[in-house]
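In what follows, a structure is listed as structure tokens, so that the remarks can point back to it.
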């Protein structure tokens with residue numbers, strides 16, 4: 001509740017009073033909405049995320065400060081158990097199941113911890129985000145080196161096949177996949193998923209809408225018109241309108257108690273008990289610039305209307321983005337299912353010479369990356385569902401270090417890397433390798 005007043009009224013009440021007196025309620029509200037859409041730190045954000053992105057919590061340090069967590073141990077210890085189990089030092093199905101559960105749980109805890117570091121502790125500053133993006137880039141480069149070595153092996157044996165495999169490629173007598181069918185379907189699925197995910201990220205990070213014919217502006221103007229019509233029909237049938245319900249939600253019993261506390265603070269300051277700097281946001285309920293008689297009801301209604309408009313827009317925007325995330329996940333799941341079907345009914349196995357080994361190594365390693373990318377997209381989807389992205393301004397495509405969607409951007413980079421690797425796989429293995 002306090003966050004609402006502290007961030008919304010502190011900067012806007014005076015301008016609302018003055019503007020409302022001069023040009024009317026509608027123009028005043030529209031002016032506030034237009035102004036708020038232009039700032040990277042919007043005042044209304046605390047309506048959706050308590051104690052998140054408040055100016056007093058913003059950090060300006062270059063250090064990567066993290067919370068204490070058991071996640072690293074929960075992830076690394078099971079890996080050691082997997083190695084011991086692979087070499088037969090430890091043989092226990094129950095222990096293997098416990099280790100797998102610990103590994104997955106550690107990854108979940110680690111992800112939640114990173115999100116808390118960013119959102120609630122505000123530790124992901126510009127420099128930290130820059131380091132995170134650079135870390136993801138370096139990770140992708142290291143993965144490129146992995147695939148480079150695998151492709152090198154493939155070209156080394158395929159461009160100059162020896163007599164052991166009949167001096168031909170693919171090896172003589174081996175039935176291979178055609179580049180049509182499932183491989184082509186998988187290519188379409190991955191490219192489509194990349195385009196859909198990019199579109200979702202573009203919608204999230206679009207710049208301020210300034211053109212009158214912009215779809216966003218038209219939608220908000222229509223919503224404003226509908227809300228004002230509801231406001232004019234107040235108490236028509238002894239019922240509260242949408243705006244009144246919103247106002248009562250924010251200005252109920254708790255608000256009256258805060259007003260009382262604010263009045264006590266003002267009296268204490270007048271008596272010299274407290275200094276002026278201790279008052280903070282409460283002063284706006286009792287002071288007004290230029291001795292203008294304050295109209296508390298009008299700014300209250302205007303701020304509620306502003307909140308309602310933003311709620312309507314965010315609901316529509318996030319619904320569109322979540323739909324794109326769902327489609328991306330669907331494409332990824334279908335891709336993995338097609339890969340599994342291809343492996344199960346493959347006319348050759350990993351033991352069928354060098355071709356089978358390289359085929360399953362390249363496609364399997366890529367499939368693992370698709371699985372990891374799907375998990376990352378799933379995390380972004382869950383964050384949208386729980387409301388981590390209920391923010392009007394999250395930055396732009398060209399402000400990766402400054403915006404509030406760095407995780408989404410890194411996931412997008414990784415997914416495009418997966419797409420590009422698959423294109424090379426499709427051309428080299430399925431098309432050129434089957435001719």
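From the backbone N, Cα and C atoms, a Cβ is placed for every residue, glycine too.
Swiss-Prot lists transmembrane segment at one of the ranges 132-152, 153-173, 216-236, namely 132-152. Residues 96-116 are the range that Swiss-Prot records as transmembrane segment, among 96-116, 243-263, 264-284. Check Swiss-Prot against the ranges 360-380, 381-401 and you find transmembrane segment recorded for 360-380.
Swiss-Prot tags one of the stretches 304-324, 325-345 as transmembrane segment, and that stretch is 325-345.
For the transmembrane segment (96-116), the residues of the chain that approach it from at least six positions outside its boundaries are 66-67, 69-75, 77-79, 81-82, 85, 379, 383, 388, 407, judged by C-beta separation under 8 angstroms.
The listed stretches are 70-90, 176-196, 325-345, 360-380; of these, 176-196 has the most Cβ pairs under 8 Å to the transmembrane segment (412-432).
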